Amino acid sequence: MRSSASVLHLDLDAFFAAVEQRDKPSLRGKAVVVGGVGQRGVVATASYEARRFGVRSAMPAHEARRRASHAAFLTPRFAAYRRASDQVMEILRSLSPAVEPLSLDEAFVDLAQAREPVELTDPGLRALVAELKAAVGAATGGLTASVGIGSSKFIAKLATELGKPDGLVVVAPGAEVPLIEPLAVSVIPGVGPVTLEKLQRIGVRTVADLQQVSVLELSQVLGKAHAQGLADLAYARDDRPVEAERETKSISVEDTFETDLVDRPRLTAICERDARQVVTRLRAAGLFARTVTVKIRRHDFSTQTRSTTLRSPTDSPDAVVGLARGLLDGIDLTGGIRLLGVGVAGLTDALQDQLFELDGPGVATVSGVVAAQVADADGVSGDAAGDEEADPSVADLPERPDRRWGPGLDVDHTEYGRGWIWGSGLGRVTVRFETWRTGPGPVRTFAADDPALSRAEPLPYRADEAAEPPAAAATSPRKSP
DNA sequence: TCTGGGGTCCTAGGACCC
DNA sequence: TCTGGGGTCCTAGGACCC
């Protein structure tokens, strides 16, 4: 918690619905519900008019229809929301470089890092926010936002909530604890339905009640980390920084089906499609993944995940597809599946530590059986190999044969030298040649039998390598197409 | 005709290593 | 002829958030 109210939180009011009302005047003043429209859809956003009928976010669409049958039910138009979101985020960034978006419609701004010094007094902040809201309205065609300002993320976000819609609440330093004490514990982020139930069972209903419970007792009910977190927030202790750059940790795609699916070939095809979509996004982000996860949800809503981790990261569609299919093969589909998803994690941008050196033309061992030699490195990247004296520092690098075995991963390779070969899988070798002078070239993926990779003698394995079986290949045999 | 899709973080157990 | 202790990585599941 800071000594001044310098964390700003902004939340666009009923965002998806507001964009729809903006773009379609006939919807203005009407109940609008944006979300999944199918049998299994849920409400993403309800306009304030719809909320009067008890329609809420995350409510099943059929329940929303029951409560507000007269409402307009719309499928989300994410492209439009993203445009409006980008406009708003740009305005926030003009205020301070430290902007942390939480979603399309929400962000924290660190005013302590503002580009122009901000007067962190009540009148100073009110003037600032008046300008901010005017700018948001002008840029987005009239969208309104609620703003909260306080000495921490928790307090700023709570303040926003208290002022909705189109509000501004500034919580003065020192006023935090008296503000939160009488409120329900569920105002604390991290207290969801399950935690709420557990807290109620030990007699905790308000934040003040929570203050009376020892961390030890709380730990026994909630686990250590959660307990400490809540105990701190009960006294408004919150030092979480506003982080502009957050690294992506996982990428996933999932579908819920209109009716449960049992047909394995069909699910396999969907799994493959999802895996390809994941890789498309992975590549668009310039990332590589080590862990592939398949997730299913059964008819009874129970969820199962199966995952596998590679020795080294990949962005190969074939590798990810093969692994995902292998994982799905191991899952019992009896009884029907309502959801199937594929995700990747263990992400790196690969340039940091996954590369290794080539000296001269690259050599790749495929499946430990044949070796492929890149005959013409120039043809691949422009300027990879050949010039052995290019940089004396290369000679100082240790020779690093690199072995890569992983479930379903049937390509192994060993390289020496000055260029980079990175990623491989399922009969493919992904190569990026890079020199110390030219930097990374484009990534190219070759089939193991691509003529660009000329066959060469198998590389000898060292004794300790030979002793190690390609265990993973056995755990997840790849199905022939 | 209950319960989306995209994420983050935490826990717990087992393997493995020193 | 007995079985530590810590750290890390991996897998699976679950709570929570927007």
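Glycine is no exception: its Cβ is also placed from the backbone N, Cα and C atoms.
TrEMBL annotations: computationally assigned, not manually curated.
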Feature region 'Disordered' in TrEMBL, mapped to one of the ranges A:224-266, A:439-481: A:439-481
Listed range which TrEMBL flags as region 'Disordered', given the options A:39-69, A:380-410: A:380-410
Other CB atoms, at most 10 A from the CB of A:Phe16 (site 'Substrate discrimination'): 27
